[in-house]
Amino acid sequence: MRHPRAVMSQLPGDCPVTWAVLGANVLTFAVAFVGGSGLLSLAFYAPEFLQRPWTAFTYPLLGVGGIFWLLLGGYVLWLFGGSLERAWGWRGYTVFLLAVSGSSAAALWLAGELLGRGAALAGFGMPLAAVTVAWAAINPYERVLLYFALPVEARWLGILAAVFVVISQPFPLGVFALAGCGVAWWYVRQGRYLSIRSPRPRRRLEREHALTVNPIAWYRRWRLRRQFMRLMKRSGRGDDDTVH
């Protein structure tokens, strides 16, 4: 019998951990749709954090919201999260997900204790925002097709993700929830290098010549082809103007 991770590796994108998170969301969404109530034990609720500390890491596995959010958010997680997982490997990426998920939950718990207010988390919204911030920190000037149509530099997309976190919770709880995005930024800049024991060749975030369904790769290739054609046309005009 094949190992589950080996099976997940055969799915598009070569990102088994990302697929596992998405699969858990689809499964829990379906269970909740038919009336399952036992899944509430996976959700994070700040006043009960000390009694259920594991919920700081399990809440991203809950499929919440509508089907549109599950599809769109899942695609973005596969796009950016899969890219990070291919670059860092599944172990480093797993540590990253646990760190950003747990830090957001811990910060909300602290805010609740200080302000005397309750807060809850369910779904992959927080880690998705952190993944977006991390990818944007690595590729700040990479152009991304927002809603598959509007080219936007990744740095602005990272800012939008942070704004989403702030408004997802009542003020000022949303500000505390930014801890996950802050950890993502730190992890990209310094944190992940702390666990590197031996130098290993770093894999590119994208495979330039591979077949892909990634619209970012499509847009990059189209832009490179256009620049190449312009260069060739200019070169041709220069040759025609040369006096022999």
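Cβ coordinates are placed from backbone N, Cα and C, and glycine is handled just like the others.
Listed in TrEMBL:
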TRANSMEM  21-45  transmembrane segment
TRANSMEM  57-80  transmembrane segment
TRANSMEM  92-112  transmembrane segment
TRANSMEM  118-138  transmembrane segment
TRANSMEM  145-165  transmembrane segment
TRANSMEM  171-188  transmembrane segment
Legend entry - Range from 57-80, 92-112, 145-165, 171-188 with the greatest count of C-beta pairs under 8 A to the transmembrane segment (118-138): 57-80
Inset, instruction - Considering only the recorded stretches 57-80, 92-112, 145-165, state which has the highest number of Cβ pairs under 8 Å to the transmembrane segment (171-188). - result: 92-112
